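Here is the structure we will look at.
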Amino acid sequence: VDERKKLIATLRGKPWPMRKKLPTLRESQVFVEKYEGALGKGRGRRLYAYKVMMRKKWMKFQRDFENFKTACIPWEMKIKEIESHFGSSVASYFLFLRWMYGINMILFSLTFGLVMVPEALMARPYGSIPRKTVPREEQANAMDFAVLWDFGGYAKYSVLFYGYYNNQRAIGWLKFRMPLSYFLVGVGTVAYSYMVVIRTMARNAKEDGGGDDTSFNFSWKIFTSWDYLIGNTETADNKFASITTSFKEAIVEEQESRKDDNIHLTRFLRVLANFLVLCCLAGSGYLIYFVVRRSQKFALEGLDNYGWWERNEVNMVMSLLGMFCPMLFDVISTLENYHPRIALQWQLGRIFALFLGNLYTFIIALMDQINLKRAEEEKVKFNMTIWQANLYNGTLPENSTAIPIMVDPADVPRGPCWETMVGQEFVRLIISDTMTTYITLLIGDFLRAVLVRFLNHCWCWDLEYGFPSYSEFDVSGNVLGLIFNQGMIWMGAFYAPCLPALNLLRLHVSMYLQCWAVMCCNVPQERVFKASGSNNFYMAMLLVILFLSTLPAIYTIVSIPPSFDCGPFSGKSRMFDVIQETLETDFPAWFGKVFSYASNPGLVLPFLLLMVLAIYYLHSTSKTYKHANLELKKKLQAVIFSLHLKTGRDSAVRTASGSSFHHLGASTENILDARLPSVIHEAVTAFT
């Protein structure tokens, strides 16, 4: 038994062929398992058998539990199926979509559990105060489908929007602090999003390892180019062609790096392409600003006098620009003659700039609309003073004990509530973008696939390999659309608590609809890219959008006074005053002083400066370590090169192991001749 155990431990290092190693290993394992327990007698033998049985059961339980955990992961099998047919590049989008679904699940739980449910269960009911009642002039059509689809009527005066919430400091028998909870949930969702995105980026960077892909370029291509998750013949053929093309491209890049013919024409075309892209970006920004100002004009004149297009013009124009401008950028990019990877990066950057410019143009136009609402609010305050004077006829003395006049909340004048207006705009934008995406998916992918499939046999050319052919899944465009949709959620969730719930529903439907579309209507890409290099790129864009999305919300919270008669912060000069009020009321006096000292700019600014210096020091240290690693790598390569220059080894070692090395070398040569992909032969044949 001991000899067999020793053989099992040292079998890997023996110079035996695999056809001899495997039977020997199985025979030794069976022998040890059969006779090791027999060495014991009586109780020891039974105890050993019991231990062996329990160990096997424990191993089986661990394996079954791992399978159970894998089965419990949402959509894991569906994503694996897509991964086997289309490779890891297409599956990376669905993994990112599932990750975003998890983020929005947490955001929805916080908003729904700490804001919407307490207001609905413990606060004053609908119709008790003016801010929770539909005005009299709107009640006639408050339940119309067109009004509810536009999130007006009863939808506007509900827990879905900011204006419905009362400024009562404590509600219900639990004395729930609603204004404080509303503010802290808004801040907490943003802080949680920052933490999760940065943590995911750090984990991806740790898993990537930071290898150098410039050294031994062709060796990496030979041994690491294949995507072993592919399980479809068509995708495997495309991957084979992609690897062959990558070798050709590497040789062409080496040749093209030494050429500079027509450099002036190339520069002119690239400058022209960038000028055309800038014109498109400027035109899209001006168009959005124009339609937003036009919608303000329609709102002042009354939306009842206009049709569906005028009421949804802003949302539809932004959705159409997001759909057609990337196609135009793709056409313009043909002038630049970039490498496909560089062209893809430029395309992503331009779409990113388009979405970001459109979003911020929309925000700037909304700020103008907020200023108009605030000017209108001053007039409403003056009119409410006159209304109250007329209500009491100006004759009620100050010390009168008469019964106050009861007025129905629907008849009380109220302000415009710019916060609810901002929330409505973001909800409409999300709904219109979702509808445009689904309609584009059904028309652009499903109907296109149906036409190609059923008209191919009776058409005058091959529709599958010619025009229009089956569509490919646009990974970059779909990921960018997902990122900017999430940016709108972060930007508008403070004024519309229903946005995380709507986005959760959108992501849930998108997972099933796009999984069905990619399996039924799309074909594998001609160039199958691995997804490992794009994880942190997508996360970096998501982090930038998160930062840029929180800036407008922070500006409105800090700089713009809240509306006087709607929302949980009405009656305060700024929204963040609820923190100071809580510190003064619910905490000891010394705690408020400590907080005021800690928030003093004299302490905050030096702390921020210290953080910047620490980040600079860590960055410099990281660069130093990276440079040291590079120098060590160069020295190692020099040592290896010097070893290759030696003509032979010690004669005694060569004599003792010459036959074994000769046999091993011959076996290795045969394996390489049998296994070496024909990719290299095709690449060499094409360029010799």
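Placed from the backbone N, Cα and C atoms, the Cβ positions cover glycine too.
DSSP places the residues of the domain 'TMC' (417-532) in helix, strand and coil in these numbers: 81 helix, 4 strand, 31 coil. What TrEMBL lists as domain 'TMC' is 417-532.
Long-range Cβ contacts of the transmembrane segment (99-121) within its own chain (Cβ-Cβ under 8 Å, at least 6 residues beyond either end) map to 74, 159, 164-166, 171-172, 176, 178, 181-182, 185, 188-189, 192-193, 196, 200, 482, 486, 489, 493, 497-498, 500-501, 503-504, 507-508, 511. The transmembrane segment feature in TrEMBL is assigned to 99-121 (among others).
According to TrEMBL, the feature transmembrane segment maps to 142-165 (among others).
Annotation source TrEMBL lists transmembrane segment at 180-198 (among others).
What TrEMBL records for 268-292 (among others) is transmembrane segment. For the transmembrane segment (268-292), the residues of the chain that approach it from at least six positions outside its boundaries are 313-314, 317-318, 321, 325, 328-329, 332-333, 335-337, 350, 353-354, 357-358, 361-362, 364-366, 368-369, judged by C-beta separation under 8 angstroms.
Annotated transmembrane segment per TrEMBL: 316-335 (among others), in sequence order.
Marked as transmembrane segment by TrEMBL: 347-367 (among others).
Sequence annotations record features per position, and here TrEMBL assigns transmembrane segment to 537-558 (among others).
Taken from TrEMBL, the feature transmembrane segment applies to 597-618 (among others).
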### Task
Give residue numbers and ranges for long-range contacts of the transmembrane segment (537-558): same chain, 6 or more residues beyond its ends, CB-CB under 8 A.
96, 186, 190, 193-194, 197-198, 200-201, 204, 352, 356, 360, 363, 370, 422, 479-480, 483-484, 486-488, 490-491, 494, 574-576
#### Entry: Distal contacts, the transmembrane segment (180-198) - CB-CB under 8 A, six or more residues away
103, 106-107, 110-111, 114-115, 118, 165, 490, 493-494, 500, 539, 542-543, 546, 550, 553, 557, 568-569, 575-576, 578-579, 582
